[in-house]
């Protein structure tokens, strides 16, 4: 069984995605869609180390776009390709119990607002859906014990889920072939990364921006019991290429 994290851009390539779904749990992002709606509402998207700063207004947009627009469109497209997809968010059924995330940048704590870390995963819920023949499609929201809803980075959510269900593989799809030493040169792909190497790659500046939560999610999943994680794009997944974390 594998956990696949996809971005909103995959909505235009669902036919290709359907080819690789087999005993899978999908977790989707939707960052560009969220930013687009925010800008139309006069809100400025802000990011710290690849994580969206989420105040109350931004959280409302995130909930609306991820749990509504992106999730339901992806489920509908997958079902049209013969995939028995079932959409839910991390709030539903206590799937993702979250707590406020604290982020330290240059030695100082940065308040990200309603950004959450996954504290606990309801693995039994996902396993029951898989046993019933469904492909769970998860929008990355979580809720605290007090009912506070949090925006959970999709890579982080996928990593936590992969570890909790002890998946054979976590696939983190992105728009590049994997972790690159030079972002402008696909030939500089780093094919293998050990979990203990992740911090060093960040400190050297090889891994920046949105790749930071991807590598950290891969590390978290492998250390929690997932056999391996792969960071790649859809072409790489179809062709068996990418960065393997194991």
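A Cβ is built for glycine as well, from the same backbone N, Cα and C atoms used for every other residue.
Since we're looking at a predicted model, the values are computed, not measured.
Proximity of residue 31 (substrate binding site) to non-local residues of its own chain (separation of 6 or more, Cβ distance below 8 Å) is seen for 7, 8, 52, given in sequence order. Annotated substrate binding site per Swiss-Prot: 30, 31, 52, 151, in sequence order.
The site 'Transition state stabilizer' annotation in Swiss-Prot covers 5 (among others). DSSP gives residue 5 (site 'Transition state stabilizer') a strand state.
Secondary structure from DSSP puts residue 214 (site 'Transition state stabilizer') in a helix. Cβ neighbour count for residue 214 (site 'Transition state stabilizer'): 28 (other Cβ atoms within 10 Å of its Cβ, all protein chains included). Among the features that Swiss-Prot reports, site 'Transition state stabilizer' is placed at 214 (among others).
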Compute the mean position of the Cβ atoms of 30, 31, 52, 151, which form the recorded substrate site, and then list in sequence order the other residues of that chain whose Cβ is within 8 Å of it. 29, 34, 35, 54, 62, 65, 66, 140, 153, 154
The sparsest Cβ environment within 10 Å, among the recorded positions 5, 30, 52, is found at 52
Compare the C-alpha of residue 214 (site 'Transition state stabilizer') with the C-alpha of each of the recorded positions 5, 30, 151, and give the closest one. 5
I need the CA-to-CA distance for residue 5 (site 'Transition state stabilizer') versus residue 151 (substrate binding site), whole Å please. 16
Where does residue 30 (substrate binding site) sit in the DSSP three-state scheme? coil
